[in-house]
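> Found this in TrEMBL, in case it helps:
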- A:11-148: domain 'DUF1468' (DOMAIN)
- A:43-62: transmembrane segment (TRANSMEM)
- A:96-114: transmembrane segment (TRANSMEM)
- A:123-141: transmembrane segment (TRANSMEM)
Amino acid sequence: MSYKKGTNVMLLLITLVSAIFLYQSFSLKTLTTNQPIGPDFFPKVISILLIITCIISFITTLKKTEDRKVELEKFKFVIYTVVAAIVFVMCWQFLGLFYVCSFIFLFALLYLYNNNGSKFKKILTSLGISLVVILFVYAVFGKLLNVLF
Amino acid sequence: MELFSMDFSTLFTIENLIAIVIGTLYGLLIGALPGLGATIGIALILPFTYAMSPLGAILLLVAVYQGAEYGGSISSIVLGVPGTPAATATVIDGSVMAKKGYPGKALGYSLTGSYIGGLVGALVLMTLTIPLSTVAIKFGDPEFFLLGILGLVCVAGLSSSDIPKSIISVLLGLLLGMVGLDGFTGSQRFTFGSLSLLDGVSMIALLVGMFAVSEVLFTLGDLNKRYVTESKNLKTKLTWKEIKMVAKEMIRGSIIGSFVGVLPGLGAGPASWFAYTEAKRASKNPETFGKGEPNGIAAPEAANNGAVGGALVPLLTLGIPGSPATAVILGAFLIQGIQPGPKVFETHPDLVYGIFWGFLVATIAMYYLGKYTTSLWARMLTMPNYALTPIILIIALIGVYASNMNIFDVWVAIVAGVVAYFMKKLDFSLPAFILAFILGPIIETSLRRSLSLSDGSFSIFFTRGYSIVILILILFLLGAMIFQKRNPKGKSKDTEIPNL
């Protein structure tokens, strides 16, 4: 990923977010009369300042002559992990089977990340570690802290 | 002196002592593991404090903080990879001394430095907090507004080399801090119809997402890296002669660290760099630095532990955290139903004095536990990342859920983690973002209350004694930043602080 391009995309996204906030703050009603400034004042000021700074940063990034590459090491692992986390939380939220879901999630990541040894050995160690961790979660969060999952 | 008249039996309970011991051991481990620092360590153990007493909870976290700052030097020395961002300066001389065959000596300098730093930090905490809080109790809304602005100016100017990006991070944090029900009018702001957002975005979810989840994504880059450790000669014993040799720099580093820790946006990382550069500048033989100079280990290590005590000063006196790690500790206070700030000295005196003395006990515990367990942690460094990363991820997500029993917060943590991953890659400042998020509501509320008091006149901010002092400080800081920006020549290469 190019540093300049990455920065510009990020700035664009932030500008978009601040524009949404700015638009929304206009619909905030200032019903109270005894307050010199209402709930819309601060959001308006901040989002306008944010848009201005994004433009300034955009210009300073453009002015910089040298560009560099941002290393996204093993980016496919980042994608796998985020997707796995999303699937895990969705299963947890909608199916409810917290312990089963988290066991599968943990096992999948451990298996995916490990590139040492044979397939059989990898499955065995991943299963072992997942089991110990989930038991730990059950004992500490489920029993000791009384968290209802 | 209430400090000495506190009931010590409330401090030396079994729960508190166990909290200190477990916190220290866990802090040493998390600090020693490359990449994981105090903030992640504190955030991961936070859910365990929900069922504890307030004093035990805070002491556990403070012990983790203290332990992690020393623990970070273990991998800096033994592996040559910094265990925490604050232990980066220690790598320079620490790893060279270890390669020469004296890893134990290097660890000894680090441990002694950390110990002295921790003690000086405790002293600064005890002596600075009480007078500051007696001033802070007189502060009204205008002062708190200006203090918030002062904090933002500090973090925006100091936490990243790219000033526009730092300012963007600050503004973005402020914007996100406004989500939720407006306390004055009851109107819903930016909740987009979601009930979960009525209370605002959860601070714990945001902290864990930005500092633990994003760190997990970062470590994916070197999943199967195996570190080679030097596990011989790990005895940390130093002779008197050796201690005397580094005593001066250790004390200087401790003082630098303690005061740098007080400033918002700086904290342990920059403190250790300042101390290292200062030790090198003051040395008669600066050429020995980088070649295994003991002062190059003792000074930064004293500074990063000194910063721990310093960082607690603004949190306890003003209720304003100066760093991400103290922000998590603020979270622990709030979960216990206690708002830190000048009033806490009246409402919970035993808690505050308990934290003071407990902090001292935690520092002593760090020294002795560190002394006897360092070689154990050095061997643990071979723990492979592929196993550690998923475990940290799942514990982090479960911890977020446990803080509020709300699955929405888990989503917040995941989104925050992904956003923070890219922000960090592109040099945006995460500490600036998170501090602005926390300071935002304080700033807005005090601004609106001040203007109500003054009937809308802004003169209230420059007609009060304390306000004027804070205003001058803000202007001075801004002036110094602009001056430094215009005269970059004075900066030599090794005073540059890497982005945090």
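Using the three backbone atoms N, Cα and C, a Cβ is placed for every residue, glycine included.
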> Run through the domain 'DUF1468' (A:11-148) and tell me, per DSSP, how many residues are helix, strand and coil.
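Tallied per class, the domain 'DUF1468' (A:11-148) gives 101 helix, 1 strand, 36 coil.
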> Do any residues of this chain, six or more beyond the ends of the transmembrane segment (A:43-62), have a C-beta under 8 angstroms from a C-beta of it, and if so which?
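Tertiary neighbours of the transmembrane segment (A:43-62) are 4, 7-8, 11, 14-15, 18-19, 21-22, 24-26, 28.
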> Going along the chain, which residues at least six beyond the ends of the transmembrane segment (A:123-141) come within the CB cut-off of under 8 Å?
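Contacts of the transmembrane segment (A:123-141) (Cβ under 8 Å, skipping residues fewer than 6 from its ends): 99, 102-103, 106-107, 110-111, 114, 117, 147, 149.
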> If you average per-residue pLDDT over the domain 'DUF1468' (A:11-148), what number do you get?
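That region's mean pLDDT is 90.
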